[in-house]
Amino acid sequence: MKWDERRLKIIEYLRDKGINPYPQKYVITHSIVQLRKIGLEKNDRPKDPFLTNVRTAGRVANLRRHGKASFVDIFDEGEKLQLYLRVNELQNRYEQFFAEVDRGDIIGVGGDLFFTAKGELTLLVRDYQMLAKSLVEPPDWSKMSPEFRYAHRYVDFLYNDRARQTMERRYTIIREIRNFLNLEGFLEVETPILQPVYGGALAKPFKSHINYLDEDWYLRISLELYLKRYIVGGFNKVYEIGKVFRNEDIDVTHNPEFTLLELYWAYADYIDIMDLTERLFSHLANRVLGTHELKYHLGDREVVIDLGKFRRVSMFELLSDHLGKDVESMSDEELKSLMKTHGLVPRGSMYVRGLMIEKLFDKLVTPELVQPTFVTDYPQETTPLCKPHRSKPGLVERFELYIAGMEFANAYTELNDPILQDKLFNEEQEMMRRGDQEAHPYDRDFVRALGYGMPPTGGLGIGIDRLVMLFTNNSSIKEVIPFPMVSSKLIEE
RNA sequence: GGGCCCGUAGCUCAGCUAGGUAGAGCGGCGGGCUUUUAACCCGUAGGCCCCGGGUUCGAAUCCCGGCGGGCCCGCCA
């Protein structure tokens, strides 16, 4: 590793003086966060020290030298503390401080807390200690490029307050999802990430090799088929929050690994799941935002989304409204020419009626769904894992939740008919043979599990990263994933 | 998979259209300043202009090839 020569010399200098630039321990009396809290309670902002013999620590962000009295900002856990250093208190250690300490170093400081004339909470420093000498010059935090931030996220978290706050909110959301589901009586479970057959979604997988078995296995693309095995096995309300992996493109809404919530609920159907989904979003709005009104930046306009009101409407109704004509009365040829005018290609390039309707819906109607909308009753061809509709032939009991033009949830009355499952998987095999790389593979063990008998079940999937995008007003998935995928060349640099 | 843009000091970038001594701000270093908020003032060092080839008296600049990065469109959550 190549380090900054000047900083290396400082380390040498410190060691020569018998000072360890990386000591084992520094005892603090308060964190910076705690000191700021104390400062907030001092409404009169006393100019004289009101708390003495304080010891705290943080990272040096900014040094402002003024001759014999200087100011230094240190940060910890996203909170700033200003230090005031004076020759009067530090004597010869004053000059030493500026010879030894650079931006980015982590230091411990002891002294007295007071407010400056400008009203800034400040520590009058009486002693200091190097806790970790940094060897890399911190970047100009206002000018960090997105690529740099994503490749070296720890720097982003340190110097970009928004990135830090986005992560804090991400983990609040995940914690509140768990709280909600646990209260609803769901059990959090785990399923394998390495699987002999991938499934539960239509996507290209990552392949791996198990040396011991000398077999090719896959990284999971969803949680579905194993969670349903829990349902078969007699666990009636289960959920998992975990990473899934899809070997597809990387862009502002797609990362090859992303976090998915899936839950399965025995003796429930997709209507029950819709009700549950509404309660979940309402819970999150209350706990995370403190209101059901959410502001989101959509393109160049800001929209206010009401998370207290969910519309329920069928896909056919929405598409018919948009086209100004009944979709069911349109011929396959009409649909196909409509596809062509919009430059659309259906899944696997199969111009099947149901797939064309889904594609047209995605392209034409989805962007208009700004307020929370449950879109119900999809064509059978869109998924091999959903139960046929109880009253509408050719459709399945599926819904997707759209907010701000994005998909946030996908749910089914789950297919539990083993004979139909076998047939639909076989049809997917045919799609794969015809070149659809995202067709669903046949999972023999899963069909066998259904053969043992799975109760009627409702299931739900929610992409956590996109949910965090919504709740943090971010338009790029890279902002809400702690370590988004970027080229390794960019990371290694 | 199709189209567009970029690569110059440690960092952010100007210079390229119209070829003629390599520039600024920040950061570094030296000096000044005892309540500043990205402090300020004075001085100073710092370059394989991504790599290779071509055109030319002369290339950061024009042309060709390569490498690296980004953006848009199509497909996927």
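Backbone N, Cα and C define each Cβ position, glycine as well.
These figures come from a predicted structure and were not determined experimentally.
What TrEMBL says about this one:
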- A:173-482: domain 'Aminoacyl-transfer RNA synthetases class-II family profile' (DOMAIN)
- A:GLU400, A:GLU407: Mg(2+) 1 binding site (BINDING)
- A:GLU407: Mg(2+) 2 binding site (BINDING)
Fewest Cβ neighbours within 10 Å, where candidates are the binding-site residues A:GLU400, A:GLU407: A:GLU407
For the domain 'Aminoacyl-transfer RNA synthetases class-II family profile' (A:173-482), mean pLDDT (0 to 100): 92
A:GLU407 (Mg(2+) 1 binding site): secondary structure state under DSSP, collapsed to three categories: strand
For A:GLU400 (Mg(2+) 1 binding site): DSSP state (helix, strand, coil): strand
